Structures are given as C-alpha cells and as structure tokens.
Number of protein chains: 2
Amino acid sequence: MEKLKEYVSVKDEDHFYHQGAVELLIFNFLLILTILTIWLFKNHRFRFLHETGGAMLYGLVMGLIIRYVTKSPDVESGTVYECEKLKSGPSTLLINITNQVYEYQYKREISHHNVNGHQGNTMLQKMTFDPSIFFNILLPPIIFHAGYSLKKRHFFRNLGSILTYAFLGTAISCIVIGLIMYGFVKAMVHIGQLKQWEFHFTDCLFFGSLMSATDPVTVLAIFHELNVDTDLYTLLFGESVLNDAVAIVLTHSISIYSPKENPNAFDAAAFFQSVGNFLGIFAGSFAMGSSYAVVTALISFMHLTKFTKLCEFPMLETGLFFLLSWSAFLSAEAAGLTGIVAVLFCGVTQAHYTYNNLSADSKMRTKQLFEFMNFLAENVIFCYMGLALFTFQNHIFNPLFIFGALVAVFVARASNIYPLSFLLNLGRKQKIPRTFQHMMMFSGLRGAIAFALAIRDTDSQPKQMMFTTALLVVFFTVWVCGGGTTAMLTWLQIRSVLVGVDPDEDLKARAASQSAPNLDKNTTKAESAWLFRIWYGFDHKYLKPLLTHAGPPLTSTLPEWCNPVARILTSPRAYGDQLKDGDTVYIINNDELTENYESSAHIAVPAQDSTASTQATGKEDIQEGDLGLGGYKLQIQHAAGQPQENSLA
Amino acid sequence: MEKLKEYVSVKDEDHFYHQGAVELLIFNFLLILTILTIWLFKNHRFRFLHETGGAMLYGLVMGLIIRYVTKSPDVESGTVYECEKLKSGPSTLLINITNQVYEYQYKREISHHNVNGHQGNTMLQKMTFDPSIFFNILLPPIIFHAGYSLKKRHFFRNLGSILTYAFLGTAISCIVIGLIMYGFVKAMVHIGQLKQWEFHFTDCLFFGSLMSATDPVTVLAIFHELNVDTDLYTLLFGESVLNDAVAIVLTHSISIYSPKENPNAFDAAAFFQSVGNFLGIFAGSFAMGSSYAVVTALISFMHLTKFTKLCEFPMLETGLFFLLSWSAFLSAEAAGLTGIVAVLFCGVTQAHYTYNNLSADSKMRTKQLFEFMNFLAENVIFCYMGLALFTFQNHIFNPLFIFGALVAVFVARASNIYPLSFLLNLGRKQKIPRTFQHMMMFSGLRGAIAFALAIRDTDSQPKQMMFTTALLVVFFTVWVCGGGTTAMLTWLQIRSVLVGVDPDEDLKARAASQSAPNLDKNTTKAESAWLFRIWYGFDHKYLKPLLTHAGPPLTSTLPEWCNPVARILTSPRAYGDQLKDGDTVYIINNDELTENYESSAHIAVPAQDSTASTQATGKEDIQEGDLGLGGYKLQIQHAAGQPQENSLA
C-alpha cells in the first residue's frame, strides 16, 4: 500500500514536471506557423495582413480549439470553501487534507460573481498566464528595442512635435475617451444596462488612459518596407514610443487618484496629487533608466592602463549590456517607478553613448539579440491576444460599450492629431502636410500596451468589460487599419515606392544635392529651439567626451583648472579624432560617419524644398549619416582631413 | 470606507506586480558581478577560479545575506489549517475568508516534518524557484549548445570510446555509488543515526544515478584556453555530454522502478521493466530530437521554384531554428520522454545538417544566440547553487553521509575510468595514455545536472539529505578539482601551452605535414568500425544530399528507377558541387572547406605519429577543416578544380 502511494506520487510529480511543456509547445507551434506565414507573404509581396495580424489570427483559432475541445471542468471547480480560522489571506496556505499537508500559493482575490464553472478547466487556466509576465518579461525587450533603434537625427529634428503629440496628445486622447465613455455609461444606465455605482468617472478616465497607448507596429513595418517619407515615419514612431510611456504612467496615476469623499466629485487636492505622481514617476523612471545606461557607457568605456578593454571580450560585453539594461527595468519596478519608461530611456541613452563604445562585434551582437527578442516577444503577445478572446474566462461583452469605445477611440485620435498639427504648423517651418495628418489619424492602432494595461486588473465587472472592449478594439484596429495601410498610402498620395518614387532616382537626387548641402539651414535652424542647442552643446562638450570615444577631448572643453582631472577622463582616441573631425560631428559619431563614407557615396542630405523631405530607405546607416542638425551649418568632409568649413556660431 | 479598501487593494496589487522584480534584480546583480570578475580574471590570467566557481561563491555570499538580514517569518507561517470538506487537493482552491474569495494555486505536497517556521519567510521562499524552471528554461540551452558545438570530426573518431564511457561508465558509476552509499547507510543505521526504513537500496541507487552526471564545464573551459590535446578534450567533452543524458534517463528509470513486495528485495520483473523503460525513453527521446532537427533541415533547405529561400530572411531563419529546437525539447517532455536527451540529439543533428543550409548571417546569429543563452543559463544555475545552500529551507546535513558520498564519487569515477580505459586500449590503435586517464579521473566534476536532478524531489527526508549532500559535492568538486586543473595539467605533463607546446610551432608543424596527409590512414582506419563506415556511406549518399546542399546529387546515388523523385529532391547546387569536390568531402561540408582554404593556409591535417595528436586550438574552423576520416584517403585540393586523387574503395 505504501509502495503504491509512492508510485502514484512519482507519477503525479512527473505530471507536474511536464506541466508547462504543453502550453509552451502550443505557443511554439503558433509562432512557427506565424513565421512560415510571414515567409509565404514575403514571397507574394502580400501586405494586407502583417505578421502580428497573422499571429493574432492563429491565436484566435487556437483559442477556439482549446475552448471547445478540451475536457469540461472538474466537478469540484467553482466550489468555495469556508475557513473560519483564517482572518486574512496568507501568501502560503498549508492545508491538511486527509492527513496529508498540501501547500497552496496565493494567486489572487476574486469577486463572487467570477466564481463560475470555467474556473476549473485546467487547460484554459494554464493558457491564461500571469499579467506580470507581460510586464516583466515580454514588454521590456520590445520597448528597449524601440528606444535602441530610434533614428536619432530625425527624432531630434522633430523632437518638439513628437513631445507635443506624446504628452499633450495622449492627455487629450485620455480625456476625450473618458468623456465620451462617461456619456455612453450614462446612456447605458439610463436604458438599464448598467448600475450607476459600477462605473465612476475615474473608471472612464482609466479606460481612456489605457486606450490612449497607440502601437502602430503594423503600420511602421509597412512604412519601412515601402520607403515611406522619413519625417512621417519618425513622427509616428517617436510619438508611439513616447506615448506608451505616457499612457502607462497616466494609467498608474489615475488608478491611484482617490478623492476622499464622493468618487464622482472633483477633488482638487487628489487631482494635483495625481499630477504630482505622474511627474514624479515619469522623472524618476527617466532618471533611473538613463543612469543605468550611463553606468554601462562608463564601464564599456573604461580605459584603465593595466586593463584590457571590455570590448575585447564581446560575449562579456554583450552580457553586461543586456543585464544592465534589464536591471534598469527591474530597479525601477522595485523602486515603485515604471520599469517600461526606465527601459525606454535606457535604450535611447545606450544607443547614444554606449553603442559608440562597443566593439564592432558587440554592436552587431546586441543589435541582433534585441531584434530577435523583440520579434519573439511581439509575436508572443499578439498570439496571446488572439488566444485571450476564447481562453479568458470572465469576458463581459456589452455591444453599446464596445461601439462607444470604437467611436471614442477615433474621435479622440482626431482631436489629438488635427488640432495639435494645426498648432505645430504655426511654429514649424517645414509644415506637417494634410496628407500626413490623415495618415497619422489612420495609424492610431491599439496594441500590446493597451492590452497589457487592461489585463493587469480584471477583478471587478467594469474592469472586465474594459478588458473585453480593449481586446476587440485591438483586433479591429490591427486588422482594419493595419490591413488598409497600403491602400491609404496610395489614396493619400504619400511619397513611397507605391506613389511615383523610384528608389534609384531618389538616391541619385540625393547624391546630386550633396554638392549643395546648406540649403536647408533655415528650415532646421527654425526647429531647433534654444533648449536643444544648449543641450547639444553640453552633450558634445562634456557628456560625449566623458562617456564615449567621440567628441573633443575634455581638456579643451573644460576650464583650465580642471585639466588634471580632464586628462584622466579623456579617451586617448579623442585627441586623434579631434584632428580629423573637429566640431562638425554633433550627433552622429565618427565611426558611423567613416563607415558611411567608405561604404557608400550616397550620403543623404536633407531635401531641397520643404514639402519633399527625405525617404525612409530602410538603410539605417544612410539615415544616420544624414546630417544637418541644430542650427549649425554642417558640411561633411572626407575624414582624411580636408580643410573644413565650420560656421559654428 | 469603500474607497479606502479600493485604495488598499490597488496598493496590494502594485506590490503584486513588483513582485519578482527584486528577486530578478538580485540575480542580475550576481551575474553582473560575475561578469566583472571574469573580466578581472582574464586580465590577470588567473585560472584558479573559473567563472562558474565565482558565480557560486557570489551566490553563497548573497544567500548568507538574504538568510540573516531579511525579516523573520510571519506569525501565521507554519500553521496548518484543517478542511474537512476537502477529499483531495484540487489544483485551484477557492477559499472564503471574511467574506472575500481568494484563489490559491496548488504548489506541492509537503511532509509533516517540513512544516517549520522558515516556510513563511517570503523572501527566502521567492528566491527558491520552481525546479521545473531548471528543466524547462535553463538546462535546454546549455545542453543544446553542447550538442551544437560538438566537434564532429574528433567526436566521431572517438565515438566508440565515448559511448563506452558514457553508457557503461555511467552505469558502473551509478552502481558503485549506490553500493557504497548503501554500506554507509547500513553503518549509520547501526550507530543509530538513521532509521532503516528511511533508506532503501533503490534510494541509494537513485542517489548513485544522479551523482553520476559529470559536468566538467570548468575543466573544459581551461582546456580550451590552454590548447590542451584535442583527443583528451574530445573524450572528456563527449563523455560528459552523453553521460548527462544517460544519467537523467537512468534516474528517471530508477525512480519508477517499483518492486511489488519488499522494496529491498530484487524483483527481476521490475528490474527488466526499468531497463526497458531506460531503453525506450532513451530511444524515443533520441528519435524525437533528431526528427525535429530533420524537419528544420528540410524547411531551411526547401528550394521550391517559386519561393525565395528562407535563408534570405535571416531573422525568420534564426527564429524558426530556435523555435523548432525548443519544440523538440517540449514535445519530448509532453510525450513523457526526456526533453534534455531530445534537445541534445537535436543539437547534434542540427549542427550536422541544418547548419550547412543556413545563410552565413544565420550561422553566426544562431551560434552567438546559443552561446549567449548558454553563458547566461550556466551562470544563473551556478549562482543559484550558491544561493541554495542558505535559502533552501529543509537541508539535512549528515557528516557521515556527506563523507560517504565524497568517497563514493571518487571510487566510482576510478572504477569507471581505469578499467574501461584498459579495455578500450585493447582495441584502440591510438591508446589512451595513463596521463589522460588520470586527468579524466580528476575531471569528474559534478555540476548543474546533478543539482537539478537532486532538487527535483526534496519532499521526503532521504531526498533532502541527498540534495544537501549533492550540493556539497558540487561545491567541493567545482572548487577543488576545477581550481586544481592547471596544476594537474602541469604535473601530468599533458600537452598544452603550459607544457612545452608553442602554438606557433604547432601551426608550422601542421602546415608542413600538409604535404603528406595520408600517413595516418592506418590509425584512423583501425578506429572506424564497420558500423560507422556503413553509416557514413548512408549519410553521404542519401541523407546529406536530401537534407543539405552538400554531397553528390541523389540522381547519382539512388537506383536509376528513382530518378524522377531524385531529381526533384536534389538541390541544384549539388550538381555544381559534385564537379568541384567529388566524393572526398565526407564529414565537413563544402562551405566550410572553401572558407578554410580562403581564410587560411594552415589546413590542419592529422599529426604524423599516433601519440602526438592535434591540439585544441580554440579555432573551430581549423578543426572542422581537419580531415582524415573513415578509412578513406583524403587529399584536399583547391576548390578551383584541380585534378583530384580519389582512393575511394
């Protein structure tokens, strides 16, 4: 008898260890299918369904199968046990069942109305993974990759507009969605679909903030493929990257906004506390992310005399880079800040400083590693979204609410893009044309972040309704807007390979315009505000020399009395570089410049009139080499040391 | 009041989402420390402490800190609750506590004696992660990398010996350890330290099987660095790779060996069932792993006329490669086989077939990706081993048992290596010298696999004692044997850069011997048994042409009536290759051959006498290019098409 029990327990244990294998296998299978589909699509130049849309579709089908094929729930499921002795829920519960002690781990608190039969179907349950996995494992590589692959020159040239769309635009979008949804909720209460007390205005704002996170990954992939106008690409990419960060912090701030008495009344103190929270969390996360990146830059830059440089061990270098970037995320989370924001700015800073110190091998390794992780994480999330429609057990479908959300999302996008573009155009020399505005309006897709924010909390009924609605909005925008991108580009006549742009001709035009690179001096000058000029000066004079091998030696930029310190801190390479490049290289670094020169004669220069700007060629190097920034007249000279014209004011 | 509760619940939830961040941060911190230490060591050419030893040391210190600095357990911990209504432990338990329903997830069954105060210290608990993470996440990349980086030529040349050590040797080791431990257990019972019924002979054998998994990662890293004799390297590496697989399956078979009546009596039926299990699981896992690799090879090789080859999208290719390899593991686990064995043979097969079909970009990407994952996983495991000494809560330290285990491990290693080497030397032309045997004896380190197998089951007291003992044996062998490797190499006068081998001279010798590459015909011929000759013939004639671009076209190897099928299945490249390379290229593939020729004039050839064999130069390409296999006289000619001498029998 004893032996038999032992045998059974071993068998149980076996089952326990194989747990997880089946679920992971399902995801692997879906991802493999997705990859094969992408391959097929690439062969047929089929652009109506992006890989993420495909992944979502496969997830949906798999969810349907799991839902209706796996065995029905156990008899015991849904039974709630009483325990008088327990006063609160401990994190670990030891329970004595027929003289055998079992250990149970606290999972979550559930509302009474969620206790239903499906709770017990283990397969459905296992396929629903912990939301913290999204935040700790899947999102960081995606966000880091976005920051790391930001096209710095175009990004900084449009920084003002991007910040306006990201901060002001997201706030507008949040409020507009909140107001419209509140109207719909009132209407639903009126026709008796909803009880008033279930849905406060703060809930509507919460929904507004999570639905404000745009994720045009599908659109950007198509832009990249079709060589769509770089400025449009940058505006959209920059906006969506920063907007995620804003939406996440906004959601967090709203969720802890708690007026003391009537939840519907406006409480000024609580409101300002929320605004303070927002600013504090944002600034703290920014500081945390950047400082980790600076530490990485310093370590990778270290040139102690007795030490071999770290870059001679590419594996260690990549490892350190990866671990420190992830630590930025984890430290921010552990400190109660927002890890996603930290990892985003960590990525941007790493790309700006650390990247320049890496060995050529590590540059490629890190880029490929993050690209790969981004690819996997993105497709896992979209697969999971498809799955969630059928495997999530507490959906609340409310047609009116869903319809309201779709309306709200589009109205909010419109009241974000059009008014802000109008305002921005008042100040911009190079206007944002109407067609770009329409395209940006159309590209307001919702994706991974909105989903992750919605799935974070699905305990109460309003939150469940929000989750269901958010999921459907994601489906709708990804399939409809994502699928219609090419059609829209053609219809709006936006410069791309589809609309009258021959990539070869374009390159020729750029090569030709190389002889007159100073024409756009006025346009760029107007856009670089004094703030950024100061920042660039500081960055160039102090940070770049301190953290990278580029820039002038600190001995020449710091006051004379700092010389002893400056000499220690300056890379020996900086002195050599100074002779070659002088002060012209502000944002791009020497390595990239030299590389560009050696690899291609087509150094891209800004286009000659203000409407026809440069194209997204898909070649990062050309775009990075594209100068013309910050009010300085830049003239690229061959690195071999020709006399340089330098109009630094 | 209601608001307040909501506020608290949000705070709780926040805490919930930040959970995991601190623990991951601790691991990140330990890994960063380890990387910085490795960097320091590499600078000082310090070889006494390998990175894994360092990681373990840091883990140990961190474990000590966590143990004694974190707050003492909650008051409630250790309390066992009664629940009369429950008849068995459901996977999800819903419990009503003060009118709030909480969901609890089944974690494990624990024995009454394990219910102690430490159970409730959440920090200690969180740092102890689920053993299934080892098996599903951390071990697969390590084992796959081992298979993928196997040096095929040397491995196959020594295959007979390696298989003998791995299968027969591991079995001997398991039985010897089991017998010695049984002796110690009897003695302990005699002096009253142990109750007889606690420890059966099968438990001793179980301990023997898990302690038989050697992991000389430290030693191999040093061998690699010091250019130690390639044959010794290959013997040790091959043995340890296969031996892991054997030990895992053996442990599994012993754990399900269940004689019907007296557990100490020998039950022939149960024994043969176990042997049958062993063979079945091993063969099944082997088949599963290989077939996934074959599928990958087929996909990456596909050359349908209308399709672009997959290798034109390196990211997709890498993704598919990664996912299919992982699926091999997961499928085997899901099917009740051993995933580790499957992923090992998947790696070997991928290296043999798929690798040749990959684009140059993907070759590098996959290699770097797996190298990186291996690096991280290995260091995480060794950190965790250090941590476990203090964070694991149910250690049972029994000095006599620990002493017994140390004795048993060394005696078992000796009775594995020396008798088997003696037997093998009877058949080998190129004997295994005494010094090699001593070195192999000394390199019997225990590591990740032994630890993972021991931590899998720590419920009963005997299992806890085994786990504690296994952990200490790992510490001892890694620090003492790992640290003493260089000293041992010098003392045994084994060929390496330490002992009279100048790497430059060695290269010169090789270049010189290039003109007479046929001298070792006899030695290699003797070692390549008929079985392998048949296998190579089959592999070369049918599998290689079917799965890769190398080898002769199928049209020439298959009977004439198969021609229509053969023509479809053969790569167009195969025809071209045939003209250039003919039948000479048996194990290495064309790409590598050409590459070697173009990149270096030092094509390595087998050394001229049987005792002085080639050295592990650390350059995979040279070793791969190193021909002289399978009883065929090989003469490398420049690929440009000089007349070839071909002595194919």
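In case you wondered, yes, glycine gets a Cβ from its N, Cα and C as well.
Feature annotations, courtesy of TrEMBL:
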type	residues	note
DOMAIN	A:33-491	domain 'Cation/H+ exchanger transmembrane'
TRANSMEM	A:20-41	transmembrane segment
TRANSMEM	A:53-70	transmembrane segment
TRANSMEM	A:133-150	transmembrane segment
TRANSMEM	A:162-185	transmembrane segment
TRANSMEM	A:205-223	transmembrane segment
TRANSMEM	A:278-301	transmembrane segment
TRANSMEM	A:335-355	transmembrane segment
TRANSMEM	A:375-394	transmembrane segment
TRANSMEM	A:400-424	transmembrane segment
TRANSMEM	A:436-455	transmembrane segment
TRANSMEM	A:467-492	transmembrane segment
Cβ-based contact of the transmembrane segment (A:205-223) with the transmembrane segment (A:162-185), 3 or more pairs under 8 Å: yes
Other parts of the chain folded back onto the transmembrane segment (A:467-492), taken as Cβ under 8 Å at six or more residues beyond its ends: 47-50, 52-53, 56, 207, 210-211, 218-219, 222-223, 226, 228, 382, 385, 388-389, 392, 395-398, 401-402, 405-406, 409, 435, 438-439, 442-447, 450-451, 453-455, 458, 498-499
Proximity of the transmembrane segment (A:278-301) to the transmembrane segment (A:162-185), 3+ C-beta pairs under 8 angstroms: no
Contact between the transmembrane segment (A:162-185) and the transmembrane segment (A:400-424) (3 or more Cβ pairs under 8 Å, separation 6+): yes
Other parts of the chain folded back onto the transmembrane segment (A:133-150), taken as Cβ under 8 Å at six or more residues beyond its ends: 237-238, 241, 244, 325-326, 329-330, 333, 339-340, 343-348, 350-351, 355, 366-367, 370-371, 373-374, 377-378, 380-381, 448-449, 452, 455-456, 620
Chain residues in Cβ proximity to the transmembrane segment (A:53-70) (below 8 Å; excluding those fewer than six residues from its ends, i.e. six or more beyond): 26, 30-31, 33-34, 37-38, 41, 121, 123-124, 127, 218, 379, 382-391, 475, 478-479, 482-483
